[in-house]
Amino acid sequence: MDKRVIIHVDMDAFFASVEQVDNPKLKGKPVIVGGDGPRGVVSTCSYEARKYGVHSAMPMFIAKQLCPKGIYLPVRHNRYSEVSKKVFEILHSITDLVEAVSIDEAYLDITNLNENPIQIVNIIKKRIKGRLGLTLSAGISYNKFLAKIASDWNKPNGLKVITEDMVPEILKPLPISKVHGIGERSIERLNEIGIYTIEQLLKLTEDQMIYYFGKYGIEIYNRIRGIDNRLVSTEREMKSIGRETTFPSDTSDKEILKEVLTDFAEELTNSLLEESIYAKTITVKIKTQDFKTHTRSKTLKDYTNSFKEVKQTAFEILDNYNIDKGIRLIGLSLSNFTNVRYQQLSIFDWVVNIKGKEEV
Ligand code: TTP
Ligand code: MG
């Protein structure tokens with residue numbers, strides 16, 4: 001593949017920054033956005049609040065202990081979506097090759113613009129700051145993986161270029177969690193054998209990588225060496241992904257069935273990570289010894305790419321299924337995709353809040 005020029009942009013403290021723009025009195029202050037109620041979590045917080053150790057996904061009550069003087073605001077998802085739309089309009093004014101990754105994150109392929117990439121980033125930053133009052137961090141490199149690593153380099157309002165000669169040195173000190181495509185379960189397994197950094201991961205052979213990451217092993221092997229041929233794609237066609245297996249002899253042993261579902265959940269969530277997408281519907285398919293096929297689905301409240309959540313949901317579906325015959329085949333599939341992770345968060349928060357209120 002010819003050398004490409006990819007930009008990854010990620011808005012700084014997105015929800016909190018929008019709140020600060022909408023209410024300038026909040027500028028420079030620790031602003032924490034999230035669900036209140038006893039089970040509420042932090043969606044994000046301003047960089048001023050991060051100094052106190054507050055971060056996304058932290059329970060609200062802990063945030064309040066760490067930063068008692070913080071300004072706590074509810075999630076206004078419609079407003080953030082509105083602003084996000086304007087951000088994407090600005091990105092589309094640069095090129096059509098824009099891939100939305102989440103509400104505040106995108107890849108741009110500017111190879112064919114033949115312009116200075118730093119200048120392009122500065123134009124984007126200026127337009128977004130000028131029209132929306134917001135800052136972002138951008139990474140420039142020759143593939144998506146490295147562009148994303150670069151945008152994360154010196155947040156907020158960062159700009160970092162990673163060129164070919166900087167790889168793999170620049171990657172070596174990074175924790176393995178920075179590698180797009182390595183899921184939570186793989187991180188746990190690698191930590192167990194003492195692997196925490198990319199430098200340590202670089203020591204594994206291709207076969208070992210396949211052992212730890214399944215069929216994406218080679219891709220990750222290449223990625224940490226600076227090879228990533230994924231295209232910046234403007235649309236997604238996939239409707240569902242699934243795995244199934246037929247047993248050598250029929251079984252009704254739940255432990256065996258759960259083992260298979262666990263493996264499938266891992267493979268499928270790795271695919272989600274790989275594609276930067278999230279699924280909402282989980283389906284278990286069972287074919288009994290009389291060749292009848294039964295499918296049961298569950299649609300979650302929020303999109304997920306979490307191995308644990310997919311596994312647990314699959315187990316739940318299986319546990320609700322009355323196994324009265326031998327099972328020939330079991331399958332697991334995921335559908336109902338989005339590439340915008342936090343789309344449904346406000347609704348989820350709302351449900352949590354209502355529940356919280358009932359408990360009081
Ligand atoms: P991020 O880009 O991960 O975070 P951020 O923009 O707030 O901060 P950063 O400067 O580090 O990029 O996520 C974008 C938005 O998505 C964030 O503003 C709020 C929302 N979000 C959640 O609701 N829950 C989460 O756990 C995370 C990570 C983000
Ligand atoms: Mg962001």
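Glycine residues also receive a Cβ, built from the backbone N, Cα and C atoms like all the rest.
So that you can see what the record holds, here are the features copied from TrEMBL:
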ACT_SITE  GLU105  active site
BINDING   ASP10, ASP104  Mg(2+) binding site
DOMAIN    6-183  domain 'UmuC'
SITE      PHE15  site 'Substrate discrimination'
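Summarising the environment of ASP104 (Mg(2+) binding site), the number of other Cβ atoms within 10 Å of its Cβ, over all protein chains shown, is 25. Summarising the environment of PHE15 (site 'Substrate discrimination'), the number of other Cβ atoms within 10 Å of its Cβ, over all protein chains shown, is 28. Restricting the average to the domain 'UmuC' (6-183) gives a pLDDT of 95. DSSP assigns ASP104 (Mg(2+) binding site) to coil, not to a helix or a strand.
Among the recorded positions ASP10, PHE15, ASP104, the ones whose Cβ sits under 6 Å from an atom of ligand 2 are, in sequence order, ASP10, ASP104. When secondary structure is read from DSSP and collapsed to three states, ASP10 (Mg(2+) binding site) falls in the strand class. Rounded to the nearest whole angstrom, the C-alpha distance between ASP10 (Mg(2+) binding site) and GLU105 (active site) is 4.
For GLU105 (active site), the same-chain residues 6+ apart in sequence whose C-beta sits under 8 angstroms from its C-beta are HIS8, VAL9, ASP10, MET11. When the Cα atoms are compared, PHE15 (site 'Substrate discrimination') and ASP104 (Mg(2+) binding site) turn out to be 9 Å apart. The Cβ neighbour count for ASP10 (Mg(2+) binding site), using a 10 Å radius over every protein chain in view, is 20.
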